Structures are given as structure tokens and as C-alpha cells.
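Have a look at the structure that comes next, please.
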Amino acid sequence: MAAGGGGVADPLSPAGVPCAFSPLNQAYFALASADGQLRVWETANNRLHQEYVPSAHLSGTCTCLAWAPARLQAKESPQRKKRKSEAIGTSNQIDLLALGTAVGSILLYSTVKGELHSKLISGGHENKVNCIQWHQDNGCLYSCSDDKHIVEWNTQTCKVKCKWKGDNSSVSSLCISPDGKMLLSAGRTIKLWVLETKEIYRHFTGHATPVSSLLFTTVRPPSESQPFDGVTGLYFLSGAVHDRLLNVWQVRSENKEKNAVMSFTVTDEPVYIDLTLSENKEEPVKLAVVCKDAQVHLFEHILNGYCKKPLTSNCTIQIVTPGKGKKSTPKPIPILAAGFCSDKMSLLLVYGSWFQPTIERVALSSKEPHMCLVRDISNCWAPKVETAITKVRTPVMNCEAKVLVPGVPGHHAAIKPAPPQTEEGESKRKLGENEISIEERLGALDIDTKKEKDDLPQTNSFPVLLTQGLESNDFEMLNKVLQTRNLNLIKRTVLRMPLHAVIPLLQELTKRLQGHPNSALLMVQWLKCVLTVHASYLSTLPDLVPQLGTLYQLMESRVKTFQKLSHLHGKLILLITQVTASEKSKGMTCPEQKAKLVYEEESSEEESDDEIEKDSDDNWDEDDEDKESEKDEDVDEENEEEEEDTEEKDEENGEDRDVASEKELNGDSDLDPENESEEE
């Protein structure tokens, strides 16, 4: 089963080209090339068997293909004589090849007749067909598309039998159970459907990216104690785009376990997957995975339950070119597909270019963990630029001849204005007049053949280069433009680019954001400018959500951990500042300091004397008045009445002073203005 066959513009399309081996004996190998043509090769002698060019091969290229199962020959009883029409129908059914296109139509091609058998168009898909699966019993065809629907086709009437919504996003892969009663479908999550009722039987977690391949690996459950209902206990395999893990799932009777049971690890994204089914619990599953980095990984494992660690390959196969000379290094040859032969001990390898592939049968050895096959494919014809240039013949010229090449790229020839001629001279030209020679006419051209030293593109050519790189998917041209760090240049380029290139640019930026963090840092600047400058245009697109769904999920997954990272960043800054401060304090020596001023408190005895003096000062009025009264008694006894009056006044004043002193002791420092005046 091929894991490839999407459009080039979509960053989440599967890698590789759509291809498949014919069922049973693998006599033919069908390959839908990038130019929209179907080629069928004979695997025995590596010869082109048939070539078919659809009428809409440029607009509706082939995205997936599938051979019809060879089932009708086994069902026909040998005693009954076949009619001529039945025999023709049987052979056609066996050799039918279904082709899914980018415009939503499905073509049925007959390899026996070498022509188009029928078309499945009406009531089907409205978008690109991602996967096709034949039913092994009733001759129905199941297809899934980017329009989120799964369609069941009747190949006899070429009409839709049933159509239902398979997922909230595009459905990318399908697989029918061995008993033919269940159907697996996958977008990012995997669902198991009951074909009779079209209801969901089980849910599985799936992958982070679109699933590109689904395959059942076992026919019988590992434990035979319970009755087998056709699907419970079976294992199936799934691979996804940009994912280096192939997950194995088990259909359980209870709907609790939704995660993968085990996984196989490979070196790159899977391009083509083939396996041998395990018919009992003791027979291991053999798996051949062709990766994008031109390696084939072979696995052999008995599926008997949960395995925590990912399983590595038992053997790896590579094909390289022989190095010509001592300095030249061997280069890997891309591998398109790999399939197990009927004996399960040898492998069919398809390698080279899609235009002229090479098919070879390789015997497998269990002892060697790595096989490197050296093959020379230089004899295979492939269009090259160098050969096309060398076929141009240049004429042999004398040394005196002067050659002018006005077609040099990048040259700007300024044409001198011709000398003015009178109308009479132009209209009436005599036969004997001397005309201007070709040399003089060529001399009138001022050709400037100076080459510019700067190979970098100019500022005004950035939007043109960006648009051309997006249309042709030129990696080097896109790198020249997208690797710039000048913000003003990025803004000017985004402002001048055409509107139809905005969505392809966003898809290219989404693809590059998933790569190295250094390149993602540059892509964020471009993404910010595109979203701010072309926000009004993007808001007018009706299908913006499915086109930018991958970008939104990528941004959401990265922003989700931002709060935790900011908390961790703050805590780390606090710890680092505390550690640096403690290290600085340890390293510094405290200088010896001498006090410039020393203050000593007075003793308690002096404090008591001061308190006594304060008390005596408070009562000085009473002592003075008593002494004066005694003196007045000795001197004048006659003025006793006046002295009594003065004593009474003095006593009243003394009482007021006693009250004032008590208030001072109690903390009441504020006195009435009348009392203050009396004391004064």
C-alpha cells in the first residue's frame, strides 16, 4: 500500500508518488507519475506494459490508486460453463485499477483492454480524493476526500451507494477489515465503522498529523479462548505524515483503551508500507517500510500485547551509485516501493526515477543487519539540463569574426536613435543609393556586457522571486527570499506581493515553522507581516479555517506551554540573582572601621538627681511663699488678717500647681490658656 500521493503545495501531503503492486502474484507495478500519466510495468522483465494519459491529467492529477482484488476466479465453480460476457466481466474486474484525482473524480482503468473502463463522478467528492479501498466480496469501492466525507460506490452502476461524514477535518486514509464488515478511517484520529449501519464502533487516539496509511496486520486474535466476532482482538498499523513512528493498535472488546499498543521506529517519514499478514498467534508479522531518506527498514515481530519501548528494525537496505574515481562519493538512489514476494523470503524493490524505474528481486538474509546494494543507473534515460545544453551546436568562426550576442541574460542594450531622414528620402529611394550596411546598423546598438558582481537579488525583485518560488516550489529560490533578516525589506516584499500568493506563502511558512528553531525564528517575522498586512484579504476568504487549520493548531500547541515557561523563567532568574549575590558577598572582605563618635549614656544616679531637681523646681513657689509668711509673722503681727488672706490665695495657687504637675506626670502637656496666664 502506498503512503504517498498528495499535491506538492500542501505541506501536510504525504511524500512519494502513488504506486501499488498488483494482487496475488505481483506481476505488475502501477505508478502514477507527477505529470499525471499512469504507467504499468512488468515486474519480471522490467518492461513498460501500458501507458495511459487521462484527458485532464494536468488539472486533475492522480492522487491515489488501488488494484481491484482478485476474488471472482476463486468464487466461480469449475463445473459451470462460463458465458462469454461473464468471462470478460470477470477478467475486467480482476485487472481494474481505480485512480483518484485531485478534482474529486475516480477513474476505473482496465489493464486488459488498455483503456478507460468507467468514471465515478456524479454525487461523489467535491475535493481531492485521498485514498481508495476495494471491498473484497461485494465489488464496492470506498473513497475518502478532503471534503470530510466517505463515499461507498457501486462499480457496476457507477453511482453512489452511500455517503456520510467521516470526520470534522479531511479524511486521509481508509482500510477494510479482513472479514469485510468493518471500515477504518483516519484523519488525525482513527475511527472504526460498522459498514451495515455506518455507525462508529471504536475511537482511537491517532496521530498529530494526517494519517497516510492504515493496514490490518493480523487475521485471527492472539487469544482463542473467547469467540471471535471478526474484528475484536485484531491488530492494525498506522503511519502519519512527518511522523517517524508507526503505531500498532488493538481492537478491544471494551472501549477503554484508546492508545497504541506498540510502535515501530524508522529514520524518516514513511513513503510506502507493505506487510505479510499473521494468520495465527505464533506467526510473526513481517513489515517493509520505505522511508523518504532512501532506506528500507524490515521488521519481524510477534504481536502479543503491550510493548513500552519502540521497536527498531531488524535489517536496513540501501541502494547507492558506484563512486567514479577516488574523490567521488557514492550517492543514495531513491527507493519508490518495496513488496514481499509470495514466498515471504524475498523482496521486490522499485528504485530510481519515476519516469524509468528499475524493479529488482532481492533475497532477504536474517543474519545481516544492514545491506548496501551498489547499482549503476546511469544508463537509464533521464532528461538532464546538461545534456540539453551540450546539444546546441555553435558554428565555426574565423578569428577575425566579431560575434555579438544580444540575448545575454541581464544585459540592457541602449539603442541609439537613428539619424533623422526626410520623408522624401524614405519614400523615394533610388536604386543607385548606398544603403546602410548591417555592420553599421549593429554599431548603432550600444551593448553593455558588463556583468554585475552582486549575485544577491535586488530589493525590487524580492516579490517576483517569492511568487515564482511559490508557484514552482523552488527550494533554493524560496531560501534566498525567506532567509533575510531585514524587517523593512520583509514589509516591502509582503506589501508588493500579489494576493493569490498569500495562502501558498502561509502554507510554506507553516511547513518551515515545524522545522529547526533557528529557521522558525525568521519565519515568525514573515508570518507577523503577512497577517497584519493582508488581514482584510484573509477575512474575505470563505475557506480560511480549513486552509489555516494547521497553522492555528501549531500556534495553539506552542502557546499552551508559554505560561509554564514564563513561570519557570521567573523562578530561574530569582535563583540566579540570589546565587550571584551570595557569591559576590563571599568574595568581598569587610574593611576595618573605627568609630568617629562614641556616645555613652549617663548613670542612673545622675538621672535620679535630675528628677529631684525637677521636682524642687516645680514646688519652688510654695517654699518661697512659706518663708515669706514666716518672716512677715515675726516682723508684723498686726497685719494678721491680710496675711491670712494672702495665705489662702497662696494655698489655692499651690493646689493649682499640684494639679498641673500631676497632669504633666500623666502626659497631659496641653494646659488651658486661663491656667497658663495664672501661672505666668
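Using the three backbone atoms N, Cα and C, a Cβ is placed for every residue, glycine included.
TrEMBL entries are annotated by machine, without manual review.
Take a look at what TrEMBL says about it:
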| type | residues | note |
| --- | --- | --- |
| REPEAT | 122-157 | repeat 'WD' |
| REGION | 410-431 | region 'Disordered' |
| DOMAIN | 473-575 | domain 'Small-subunit processome Utp12' |
| REGION | 584-680 | region 'Disordered' |
| COMPBIAS | 600-655 | compositional bias 'Acidic residues' |
| COMPBIAS | 656-666 | compositional bias 'Basic and acidic residues' |
| COMPBIAS | 667-680 | compositional bias 'Acidic residues' |
DSSP helix, strand and coil counts for the domain 'Small-subunit processome Utp12' (473-575)?
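Taking each residue of the domain 'Small-subunit processome Utp12' (473-575) in turn, the totals are 84 helix, 0 strand, 19 coil.
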For the repeat 'WD' (122-157), report the average pLDDT of the model, please.
92
Using DSSP, how many residues of the repeat 'WD' (122-157) fall into helix, strand and coil, respectively?
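Summed by class, the stretch gives 0 helix, 18 strand, 18 coil.
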